[in-house]
(Lines of atoms letter the chains of each structure in order from A and count residues from 1; the text may use other names and numbers.)
(Lines give C-alpha, C1' and ligand atoms only; values in the text may rest on other atoms or scores of the structure.)
Protein backbone atom coordinates (compact mmCIF):
# COMPACT_ATOMS: atom_id res chain seq x y z
CA UNK A 1 0.00 0.00 0.00
CA UNK A 2 1.53 3.34 -1.08
CA UNK A 3 1.99 5.95 1.63
CA UNK A 4 -0.12 9.12 1.41
CA UNK A 5 1.87 11.91 -0.28
CA UNK A 6 3.66 14.51 1.85
CA UNK A 7 3.48 18.16 0.84
CA UNK A 8 6.85 19.90 0.48
CA UNK A 9 6.78 23.68 -0.03
CA UNK A 10 9.84 25.32 -1.60
CA UNK A 11 10.25 29.09 -1.88
CA UNK A 12 12.56 30.77 -4.37
CA UNK A 13 11.56 27.95 -6.71
CA UNK A 14 13.04 29.57 -9.84
CA UNK A 15 16.43 30.09 -8.19
CA UNK A 16 19.74 28.25 -8.44
CA UNK A 17 19.52 26.39 -5.12
CA UNK A 18 15.98 25.21 -5.89
CA UNK A 19 17.15 23.98 -9.30
CA UNK A 20 19.63 21.69 -7.52
CA UNK A 21 17.05 20.76 -4.86
CA UNK A 22 13.76 19.98 -6.55
CA UNK A 23 14.88 17.01 -8.64
CA UNK A 24 16.42 15.34 -5.60
CA UNK A 25 13.26 15.85 -3.53
CA UNK A 26 11.20 14.34 -6.37
CA UNK A 27 13.65 11.42 -6.49
CA UNK A 28 12.99 10.55 -2.82
CA UNK A 29 16.27 11.86 -1.38
CA UNK A 30 14.49 14.09 1.16
CA UNK A 31 11.81 11.91 2.75
CA UNK A 32 12.70 8.40 1.63
CA UNK A 33 12.48 6.21 -1.44
CA UNK A 34 8.97 5.00 -0.53
CA UNK A 35 7.43 8.42 0.24
CA UNK A 36 5.41 10.16 -2.51
CA UNK A 37 5.67 13.97 -2.51
CA UNK A 38 3.65 16.91 -3.77
CA UNK A 39 5.86 19.93 -4.50
CA UNK A 40 4.31 23.32 -3.73
CA UNK A 41 6.49 25.94 -5.41
CA UNK A 42 6.50 29.62 -4.48
CA UNK A 43 8.20 32.45 -6.30
CA UNK A 44 7.54 36.05 -7.29
CA UNK A 45 4.98 36.87 -10.03
CA UNK A 46 7.77 37.76 -12.47
CA UNK A 47 9.41 34.34 -11.92
CA UNK A 48 6.33 32.20 -12.64
CA UNK A 49 7.31 31.44 -16.25
CA UNK A 50 10.75 30.25 -15.12
CA UNK A 51 9.16 28.02 -12.46
CA UNK A 52 6.90 26.53 -15.16
CA UNK A 53 10.04 25.68 -17.14
CA UNK A 54 11.52 23.85 -14.15
CA UNK A 55 8.25 21.95 -13.71
CA UNK A 56 8.37 20.91 -17.38
CA UNK A 57 11.77 19.38 -16.62
CA UNK A 58 10.43 17.70 -13.48
CA UNK A 59 7.64 16.21 -15.62
CA UNK A 60 10.22 15.01 -18.14
CA UNK A 61 12.05 13.04 -15.45
CA UNK A 62 8.91 10.94 -14.83
CA UNK A 63 9.75 10.55 -11.15
CA UNK A 64 7.59 7.74 -9.69
CA UNK A 65 7.37 9.51 -6.30
CA UNK A 66 6.26 12.92 -7.64
CA UNK A 67 2.52 12.89 -6.96
CA UNK A 68 1.80 16.49 -7.96
CA UNK A 69 3.12 20.04 -8.35
CA UNK A 70 1.58 23.38 -7.39
CA UNK A 71 3.03 26.63 -8.82
CA UNK A 72 2.06 29.90 -7.12
CA UNK A 73 3.08 33.39 -6.07
CA UNK A 74 0.82 33.26 -2.99
CA UNK A 75 2.42 31.99 0.26
CA UNK A 76 -0.98 30.80 1.54
CA UNK A 77 -1.32 28.50 -1.46
CA UNK A 78 2.30 27.31 -1.28
CA UNK A 79 2.17 26.52 2.44
CA UNK A 80 -1.33 24.96 2.50
CA UNK A 81 -1.10 21.77 4.60
CA UNK A 82 2.69 21.69 4.06
CA UNK A 83 4.52 18.94 5.97
CA UNK A 84 7.92 20.43 5.12
CA UNK A 85 8.71 24.03 4.16
CA UNK A 86 12.09 24.88 2.65
CA UNK A 87 12.43 28.65 2.74
CA UNK A 88 15.14 29.10 0.13
CA UNK A 89 14.13 32.43 -1.38
CA UNK A 90 15.53 35.56 0.25
CA UNK A 91 16.55 39.04 -0.79
CA UNK A 92 20.22 38.89 -1.83
CA UNK A 93 22.54 41.70 -0.85
CA UNK A 94 22.93 44.12 -3.74
CA UNK A 95 25.88 46.39 -4.34
CA UNK A 96 26.16 49.21 -1.81
CA UNK A 97 23.43 47.73 0.39
CA UNK A 98 23.97 48.07 4.12
CA UNK A 99 23.51 44.95 6.25
CA UNK A 100 20.65 46.61 8.15
CA UNK A 101 18.83 47.24 4.85
CA UNK A 102 19.28 43.58 3.96
CA UNK A 103 17.84 42.58 7.35
CA UNK A 104 14.83 44.86 6.85
CA UNK A 105 14.16 43.61 3.31
CA UNK A 106 14.25 40.01 4.50
CA UNK A 107 12.21 40.75 7.62
CA UNK A 108 9.40 41.82 5.31
CA UNK A 109 9.55 38.53 3.37
CA UNK A 110 9.82 36.27 6.42
CA UNK A 111 7.09 37.97 8.50
CA UNK A 112 4.69 37.35 5.60
CA UNK A 113 5.86 33.75 5.16
CA UNK A 114 5.79 33.05 8.91
CA UNK A 115 2.22 34.38 9.13
CA UNK A 116 1.15 32.25 6.15
CA UNK A 117 2.71 29.12 7.68
CA UNK A 118 0.91 29.98 10.93
CA UNK A 119 -2.40 30.16 9.13
CA UNK A 120 -2.35 27.24 6.68
CA UNK A 121 0.56 24.79 7.20
CA UNK A 122 0.33 21.46 9.00
CA UNK A 123 0.74 21.98 12.76
CA UNK A 124 3.73 19.61 12.57
CA UNK A 125 5.36 21.41 9.63
CA UNK A 126 9.15 21.15 9.61
CA UNK A 127 10.55 24.51 8.50
CA UNK A 128 14.12 24.92 7.27
CA UNK A 129 15.35 28.41 6.40
CA UNK A 130 18.12 28.38 3.81
CA UNK A 131 17.85 32.00 2.58
CA UNK A 132 20.34 34.32 4.28
CA UNK A 133 20.71 35.68 6.89
CA UNK A 134 19.28 32.22 7.68
CA UNK A 135 19.30 32.25 11.50
CA UNK A 136 17.62 35.64 11.79
CA UNK A 137 15.19 34.90 8.94
CA UNK A 138 14.18 31.73 10.82
CA UNK A 139 13.79 33.77 14.02
CA UNK A 140 11.52 36.26 12.19
CA UNK A 141 9.39 33.47 10.68
CA UNK A 142 9.10 31.75 14.09
CA UNK A 143 8.06 34.99 15.82
CA UNK A 144 5.48 35.59 13.06
CA UNK A 145 3.90 32.15 13.64
CA UNK A 146 2.76 32.21 17.28
CA UNK A 147 0.40 29.23 16.88
CA UNK A 148 3.10 26.85 15.64
CA UNK A 149 5.56 25.20 18.04
CA UNK A 150 8.87 27.10 18.10
CA UNK A 151 10.76 23.85 17.65
CA UNK A 152 9.32 23.58 14.11
CA UNK A 153 11.61 26.41 12.95
CA UNK A 154 15.23 25.69 12.06
CA UNK A 155 18.07 27.34 10.15
CA UNK A 156 20.61 25.63 7.94
CA UNK A 157 24.07 25.14 9.38
CA UNK A 158 24.50 21.78 7.68
CA UNK A 159 26.50 23.34 4.85
CA UNK A 160 29.02 24.63 7.41
CA UNK A 161 28.97 21.22 9.11
CA UNK A 162 29.62 19.41 5.81
CA UNK A 163 32.35 21.90 4.86
CA UNK A 164 34.04 21.30 8.21
CA UNK A 165 33.78 17.51 7.79
CA UNK A 166 35.47 17.75 4.41
CA UNK A 167 38.35 19.88 5.76
CA UNK A 168 38.88 17.50 8.70
CA UNK A 169 38.89 14.46 6.41
CA UNK A 170 41.48 16.08 4.15
CA UNK A 171 43.71 17.07 7.08
CA UNK A 172 43.48 13.75 8.94
CA UNK A 173 43.51 11.45 5.91
CA UNK A 174 40.42 9.69 7.31
CA UNK A 175 37.29 8.94 5.24
CA UNK A 176 34.71 11.70 5.61
CA UNK A 177 32.03 9.16 6.61
CA UNK A 178 34.15 7.97 9.54
CA UNK A 179 34.12 11.36 11.30
CA UNK A 180 31.63 11.69 14.14
CA UNK A 181 30.81 14.18 16.91
CA UNK A 182 31.57 17.39 15.06
CA UNK A 183 29.75 20.52 16.24
CA UNK A 184 29.27 23.89 14.54
CA UNK A 185 28.12 26.63 16.90
CA UNK A 186 26.25 29.83 16.19
CA UNK A 187 25.30 31.86 13.15
CA UNK A 188 25.49 30.77 9.52
CA UNK A 189 28.06 33.45 8.79
CA UNK A 190 31.86 33.78 8.91
CA UNK A 191 31.58 34.13 12.73
CA UNK A 192 30.37 30.54 13.17
CA UNK A 193 32.58 28.21 15.22
CA UNK A 194 33.34 24.71 13.87
CA UNK A 195 34.44 22.68 16.89
CA UNK A 196 36.12 19.27 16.60
CA UNK A 197 37.22 18.90 20.24
CA UNK A 198 34.86 15.94 20.68
CA UNK A 199 35.21 14.52 17.18
CA UNK A 200 36.43 11.02 16.42
CA UNK A 201 37.43 9.18 13.24
CA UNK A 202 37.28 5.39 13.36
CA UNK A 203 37.15 5.69 17.15
CA UNK A 204 40.28 7.86 17.44
CA UNK A 205 40.23 11.43 18.76
CA UNK A 206 40.63 13.86 15.85
CA UNK A 207 42.11 16.43 18.20
CA UNK A 208 44.93 14.01 19.01
CA UNK A 209 45.26 12.81 15.42
CA UNK A 210 45.60 16.33 14.00
CA UNK A 211 47.30 17.80 17.08
CA UNK A 212 47.79 21.25 15.56
CA UNK A 213 46.32 24.22 17.43
CA UNK A 214 47.67 26.72 14.93
CA UNK A 215 45.98 24.89 12.02
CA UNK A 216 42.68 24.86 13.91
CA UNK A 217 42.84 28.55 14.73
CA UNK A 218 44.47 30.01 11.62
CA UNK A 219 43.40 27.66 8.82
CA UNK A 220 40.47 25.39 9.70
CA UNK A 221 38.10 27.89 11.35
CA UNK A 222 38.62 30.69 8.76
CA UNK A 223 38.47 28.25 5.81
CA UNK A 224 35.08 26.90 6.91
CA UNK A 225 33.81 30.40 7.74
CA UNK A 226 34.84 31.94 4.43
CA UNK A 227 34.20 28.98 2.15
CA UNK A 228 31.10 30.55 0.57
CA UNK A 229 33.06 33.66 -0.40
CA UNK A 230 35.90 31.51 -1.79
CA UNK A 231 33.43 29.66 -4.04
CA UNK A 232 31.96 32.92 -5.34
CA UNK A 233 35.50 34.13 -6.02
CA UNK A 234 36.38 30.95 -7.95
CA UNK A 235 33.11 30.27 -9.73
CA UNK A 236 31.57 33.70 -10.08
CA UNK A 237 28.38 32.26 -8.58
CA UNK A 238 27.37 31.27 -5.07
CA UNK A 239 27.40 27.69 -3.82
CA UNK A 240 24.03 26.35 -4.95
CA UNK A 241 24.50 22.59 -5.37
CA UNK A 242 26.29 22.15 -2.03
CA UNK A 243 23.65 24.29 -0.30
CA UNK A 244 20.86 22.17 -1.81
CA UNK A 245 22.68 19.01 -0.73
CA UNK A 246 22.97 20.34 2.84
CA UNK A 247 19.25 21.19 2.91
CA UNK A 248 18.45 17.61 1.86
CA UNK A 249 20.78 16.26 4.58
CA UNK A 250 19.22 18.52 7.25
CA UNK A 251 15.59 17.57 6.58
CA UNK A 252 16.27 13.89 5.79
CA UNK A 253 18.06 13.48 9.13
CA UNK A 254 15.33 15.40 11.00
CA UNK A 255 12.61 13.18 9.49
CA UNK A 256 14.36 9.82 9.26
CA UNK A 257 16.82 10.08 12.18
CA UNK A 258 20.61 10.10 12.63
CA UNK A 259 21.08 6.76 14.45
CA UNK A 260 22.70 8.54 17.38
CA UNK A 261 25.14 10.52 15.21
CA UNK A 262 25.63 14.25 15.77
CA UNK A 263 24.63 16.75 13.11
CA UNK A 264 24.40 20.54 13.32
CA UNK A 265 21.09 22.41 13.14
CA UNK A 266 20.20 26.03 13.87
CA UNK A 267 17.43 25.66 16.47
CA UNK A 268 15.63 27.96 18.94
CA UNK A 269 17.70 28.10 22.12
CA UNK A 270 16.27 26.77 25.38
CA UNK A 271 18.83 28.79 27.35
CA UNK A 272 21.51 26.07 27.43
CA UNK A 273 25.18 26.79 26.65
CA UNK A 274 24.62 30.41 27.70
CA UNK A 275 22.53 31.22 24.62
CA UNK A 276 19.45 33.37 25.36
CA UNK A 277 16.10 31.67 24.74
CA UNK A 278 14.59 31.78 21.24
CA UNK A 279 17.81 32.83 19.50
CA UNK A 280 18.22 30.46 16.53
CA UNK A 281 21.73 29.17 17.13
CA UNK A 282 23.70 26.31 15.58
CA UNK A 283 24.24 23.43 18.02
CA UNK A 284 25.01 19.72 17.73
CA UNK A 285 21.87 17.57 17.76
CA UNK A 286 20.77 13.98 17.28
CA UNK A 287 17.47 13.16 15.56
CA UNK A 288 15.02 10.36 16.26
CA UNK A 289 11.32 9.78 15.46
CA UNK A 290 11.03 13.09 13.61
CA UNK A 291 12.39 15.16 16.52
CA UNK A 292 15.80 16.73 17.11
CA UNK A 293 17.45 16.79 20.50
CA UNK A 294 20.40 19.02 21.38
CA UNK A 295 23.55 17.31 22.63
CA UNK A 296 23.76 18.47 26.24
CA UNK A 297 26.46 18.85 28.86
CA UNK A 298 29.45 19.45 26.57
CA UNK A 299 32.36 21.17 28.25
CA UNK A 300 33.03 24.64 26.89
CA UNK A 301 36.65 25.77 27.27
CA UNK A 302 37.81 29.41 27.25
CA UNK A 303 38.64 29.51 23.51
CA UNK A 304 35.28 27.95 22.63
CA UNK A 305 33.39 30.33 24.92
CA UNK A 306 35.02 33.31 23.22
CA UNK A 307 34.11 31.96 19.77
CA UNK A 308 30.56 31.05 20.82
CA UNK A 309 30.03 34.48 22.39
CA UNK A 310 31.41 36.20 19.28
CA UNK A 311 28.89 34.56 16.95
CA UNK A 312 26.13 35.13 19.55
CA UNK A 313 26.93 38.86 19.61
CA UNK A 314 26.29 38.99 15.86
CA UNK A 315 22.97 37.15 16.26
CA UNK A 316 21.86 39.50 19.06
CA UNK A 317 22.74 42.49 16.89
CA UNK A 318 20.68 41.03 14.03
CA UNK A 319 17.77 40.28 16.38
CA UNK A 320 17.83 43.84 17.74
CA UNK A 321 18.05 45.16 14.18
CA UNK A 322 14.70 43.59 13.26
CA UNK A 323 12.93 43.92 16.64
CA UNK A 324 10.98 47.02 15.54
CA UNK A 325 9.66 45.12 12.51
CA UNK A 326 8.15 42.34 14.63
CA UNK A 327 4.84 43.02 16.35
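Each residue, glycine too, has its Cβ placed from N, Cα and C.
As given in Swiss-Prot:
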type	residues	note
ACT_SITE	188	active site, proton acceptor
BINDING	12, 13, 14, 15, 16, 17, 18, 106, 113, 130, 131, 132	NAD(+) binding site
BINDING	93, 99, 132, 163	substrate binding site
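Structural mapping of features recorded in Swiss-Prot.
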residue	record	Cβ within 10 Å
12	NAD(+) binding site	24
14	NAD(+) binding site	21
16	NAD(+) binding site	16
18	NAD(+) binding site	27
93	substrate binding site	15
99	substrate binding site	12
113	NAD(+) binding site	27
131	NAD(+) binding site	25
132	substrate binding site	21
188	active site, proton acceptor	28
Helix, strand or coil at residue 12 (NAD(+) binding site) [DSSP, three-state]: coil
Whole-number Å value of the largest CA-CA distance among 93, 99, 132, 163, listed as substrate-binding: 25
Cβ-Cβ neighbours of residue 163 (substrate binding site) (radius 10 Å): 21
Maximum Cα-Cα separation (Å), residues 12, 13, 14, 15, 16, 17, 18, 106, 113, 130, 131, 132 listed as binding NAD(+): 20
For residue 113 (NAD(+) binding site), the one of 93, 99, 132, 163, 188 that lies nearest, given that the recorded positions are compared by Cα: 132
Cα-to-Cα gap, residue 18 (NAD(+) binding site) vs residue 132 (substrate binding site), nearest whole Å: 14
Spatial neighbour of residue 93 (substrate binding site) that is closest, considering only the binding-site residues 12, 14, 16, 131 and their CA atoms: 131
